[in-house]
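Q: For reference, the structure I am asking about is given below.
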Amino acid sequence: MHQDYFEHDVIVVGGGHSGSEAAAAAANMGADTLLITMKLADIGQMSCNPAIGGIGKGHIAREIDALGGIMGKATDRAGIQFRMLNKSKGPAVWGPRAQCGRRAYARAIRQELEAIDNLKMRSDMVKEILTDDAGETVTGVRTNLGKEFRAPCVVLTTGTFSNGVIHVGEQNFGGGRIGESASHGITGCLHDLGFESGRLKTGTPPRVDGRSIDYSVMEKQPGDPDATAFSFLTDDLPSVEAQLSCWLTDTTPETHEVLRTGFDRSPMFTGALDADGPRYCPSIEDKIDRFSEKDHHQLFIEPEGRDTHEVYVNGFSSSLPEEVQFEALRTVPGMEEAHMHRPGYAIEYDFFPPYQIEYSLETKYVDGLFFAGQINGTTGYEEAAAQGIMAGINAVQKLRQADPIVLKRSEAYIGVLIDDLVAKGTDEPYRMFTSRAEHRILLRQDNADQRLTELGHKLGLASKERLDRTREKERAIDVTRETLSDTTVSPQQVDDYLQSVGTSTLNQPRPVIELCKRPEVDSEDLLRHAGLYDEVVTEAPGMLSAPRLIEIDLKYEGYIDRQKDMVEEMEEKERWPIPDDFDYHALDNISIEARQKLSKVEPDNLGQASRVPGVRASDISVLMVLLKNEGVEPMPKDRDLNLDAMGGDGQSFGVSRETAVEVG
């Protein structure tokens, strides 16, 4: 076989949400990329809930899209219901969520990947990471079929497959997902290279035949009439009439009694399964045990697609014996005749505590080796995909001999995610919430393109169409802001509306922009009532109208200014780099705990050091004095992308290959 078949720029191991984004990013940025996964038919598989987004997670999905990722486009094509969560609260914490067709989503991801010319795929299992003789630099991978593939950068995205064990009642067996084999060999190989691993668990609920459910006794949960897309490139979504509904029901005291009969055979209670699981997604038996005073728990009955009757019983994750799950389901209102396609199960798997990775997601022990996704201790498709796109970006940056891209906490939820993992670590599956982001007012889901698309385009990942749309949106906002400032309304035009929303009426004509600052006023309703909507509104690409975006900024103005001050203060610390060989153990004037934690995390700068648990403000002050004494200079305020190192021949690195996929 020709040697070129075995040699690549980047190898991505695993074709889940993380691996798909990593492979797409690296290939779209110009790297010759090989994606190796156990079954090509399972690329982009939704192992658990057939949905993308939610509170915090939806922000991440839109950030991935803004950078030029594929998750948003696949979600919009596969979506069967679209909703904006948290609308009763402020816009900063609104979270888009889409129910997807499970098979349709995987098909859309596969189509996105197959549209990239320099991305190759292989069905095989990687069992060994290859390095140089010193074990310090990655050189490639060896597969189950005995083939060696070489690359200077390897991205590991093993998900739940690394030494995965599935539990259903007293039964347990190897697997990475029900019906699929676990992968073996990588953990032992990484141990030999000096890495430490741990075990985590997650779970999934039973699947049920929707034809056996009585929906008439359940509460209908339709999609939004003004559906919000995930991709900034999407123009059209299904009407609310064309969307499929989800349904709400509840467990009963009888359900709980039936479930308790299986506790003595539950791996969670017998000790057969002692790995930590997701705190915010407990199993139904865990909820009953921990919240014994509650006589019911809400369940969401979610369709798995337009091409199947199968439904997902969200809220009923379980590893109890199959017969107990079946009998308990039949005590739930509307599910008295339920036919169970398959039981829920728990799965435990290997992960590698994230103190072993840099902020670029490159590992500290092996040069050129990157970890992304559940291998770093996260849970959730969006969290995995976010790490995947950043690992793919930074693998190419390494090939370019350019600086790694590290998003700040003030720039993106992706930055919050990675900073939390590296600085704080995790001993349980980590998931994103808006509450984790201290600068969340700046990080709205509607402005992800304004925050990240220009960066994605400079890197050669986001297409020119994306950048043009972002600039068009910004122009629309500027023009509309000027129009709202120049346009006045009289009391006769708007007093009825102002009274109806409970705010004071006008004594004289006032600029529209002034009224938009009032908490009670909806900018679009105000303009419609005044007869100015068609005259003023310039639709901005990216889902929300320009007046709505301006209104949000106006109402948050004071908070935004305060958060920008906080960001500036933190960025001053982040400008102070800490040398790679800095010896914290030699410092007698910081606490022992700080020395130990900082030596383990190895932060890149003072800002990162200040967020390491156990490090005090006084420790940071001492570090700053020491850095100054050693002649360390603060870095420039603006990120240096080292664009000269990115290639400029139009055929190699630096040319976006993001492709629009037409689906018939």
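Any Cβ shown, glycine's included, is placed from N, Cα and C.
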Q: Which one, Val93, Val126, Val311, Val313, is listed by Swiss-Prot in the same FAD site as Gly14, Gly15, Gly16, His17, Ser18, Gly19, Ser183, Gln374?
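A: For the FAD site that includes Gly14, Gly15, Gly16, His17, Ser18, Gly19, Ser183, Gln374, Swiss-Prot also lists Val126.
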Q: If I take the alpha carbons of Gly16 (FAD binding site) and Glu285 (NAD(+) binding site), what is the distance between them in whole Å?
A: 28
Q: What Cα-Cα separation, expressed in whole Å, is found between Arg279 (NAD(+) binding site) and Gln374 (FAD binding site)?
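A: Per the Cα atoms, Arg279 (NAD(+) binding site) and Gln374 (FAD binding site) stand 15 Å apart.
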Q: For the FAD binding residues given in the record (Gly14, Gly15, Gly16, His17, Ser18, Gly19, Val126, Ser183, Gln374), what is the largest pairwise C-alpha separation in angstrom?
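A: Greatest Cα separation within the listed binding residues comes to 18 Å.
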Q: For the binding-site residues Gly14, Gly16, Gly277, work out the Cβ neighbour count at 10 Å and name the residue with the minimum.
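A: Comparing Cβ neighbour counts within 10 Å for the binding-site residues Gly14, Gly16, Gly277 gives Gly277.
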Q: Starting from each candidate's C-beta and looking 10 angstroms out, tell me which of the binding-site residues Ser18, Ser283, Gln374 has the most other C-beta atoms.
A: Ser18
Q: Can you tell which of Arg279, Lys287 has the least company, meaning the fewest other C-beta atoms within 10 angstroms of its C-beta, among these binding-site residues?
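A: Fewest other Cβ atoms within 10 Å, among the binding-site residues Arg279, Lys287, is found for Arg279.
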Q: Would you mind listing, in sequence order, the residues at least six apart from Glu285 (NAD(+) binding site) in the same chain with a Cβ closer than 8 Å to its Cβ?
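A: Non-local contacts for Glu285 (NAD(+) binding site): Leu259, Gly262, Phe263, Ser266, Met268, Phe269, Ser318, Ser319, Leu320.
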Q: I need the most crowded of these binding-site residues: Val126, Cys281. Count other C-beta atoms within 10 angstroms of each C-beta and give me the top one.
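A: Max Cβ neighbours within 10 Å, all protein chains included: Val126.
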